[in-house]
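Take a look at the structure below.
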């Protein structure tokens, strides 16, 4: 997908009142939409960063449909749904009827007939979640848990919540560096879109040319490209390290992993170029000794494990808000008391 195409707004995910009914992509959502997600997620965390259970989805059924492997995302969605008192079903795609030749459309229609309220979908095809929400199951709340190289909106929102909680600064005042495989990363696309929407004016993308997407220069005035990592991270408030997406690379993009670490690996020496209170993030899974050194991943400036906790809160928020938006759309309720 040409990166400029991601700026086309998608109103499929909003109901007639402008509230979330699906969560498919950051693009097309306003600052107010994103802030509502962050504020709702914040309400599920106490002052000590402990999660707060609320039975907002009691009697509702959430189905996790992961057509790609996942550990953190699937598990945190399950944890989020259970903390909202939902019934959770994890569909084993490898053993489902899709492996027997059934179409995706027929599989989803059958699952919808089982009284599913929310589908959490991860798929290797870009646009899969949008297709399901628009053309297959519009009355089921569809949450995009990652579609190809396109988008990973809940990861972006948990990253934004982590940045907001840990830096205690306005997004307008932050310098954020994203380092690694930008070309194949749905996280990078969604993070950049969320940062732009929330007002960040200094977004630095650091990568070799072979790991940058076509059309990068069209992404926005506040996004700058750096091939030199030392230059790119100097004075940053936030560093987000990304792994190399080997499973999505068709032809060799690097001479070796050791060469990537030498040029772009985050170590103590490089981190010292950022601000003293710079936080270090990573969406996982990490490849230690490739994009990040263990001393940094496990160090005092790392907030990687806090991202995981924040991910549950964000996914609780997205599940609750999307269910509310669907019920509003269908004229069944005015609002859930969030």
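Glycine is treated like the rest: Cβ placed from N, Cα and C.
Taken verbatim from Swiss-Prot:
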BINDING   72, 73, 122, 152, 155, 284, 285  carbamoyl phosphate binding site
BINDING   100, 186, 243  L-aspartate binding site
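Of the listed binding-site residues, namely 284, 285, the sparsest Cβ surroundings within 10 Å are found at 285. Report note: the carbamoyl phosphate site is defined by 72, 73, 122, 152, 155, 284, 285, and the residues of the same chain whose CB lies within 8 Å of the CB centroid of those residues, excluding them, are 70, 71, 145, 146, 187, 283. Annotated pair residue 284 (carbamoyl phosphate binding site) and residue 186 (L-aspartate binding site), C-alpha to C-alpha distance, rounded: 13 Å.
Listed binding-site residues: 122, 243; maximum Cβ neighbour count within 10 Å falls on 122. Sequence-distant neighbours of residue 152 (carbamoyl phosphate binding site) (same chain, 6+ apart, CB under 8 A from its CB) are 144, 145, 146, 186, 187, 189, 190, 283. In this view, the densest Cβ surroundings among the binding-site residues 72, 186 belong to 186, judged by other Cβ atoms lying within 10 Å. Sequence-distant contacts of residue 73 (carbamoyl phosphate binding site), defined as residues of its own chain at least six apart whose C-beta falls under 8 angstroms from its C-beta, comprise 66, 122, 145, 146, 154, 155, 311. Look at residue 122 (carbamoyl phosphate binding site): DSSP puts it in a strand. Of all residue pairs in the carbamoyl phosphate-binding list (72, 73, 122, 152, 155, 284, 285), the one with the greatest Cα separation is 16 Å apart.
Spacing of residue 285 (carbamoyl phosphate binding site) relative to residue 243 (L-aspartate binding site) is 7 Å (Cα to Cα, whole number).
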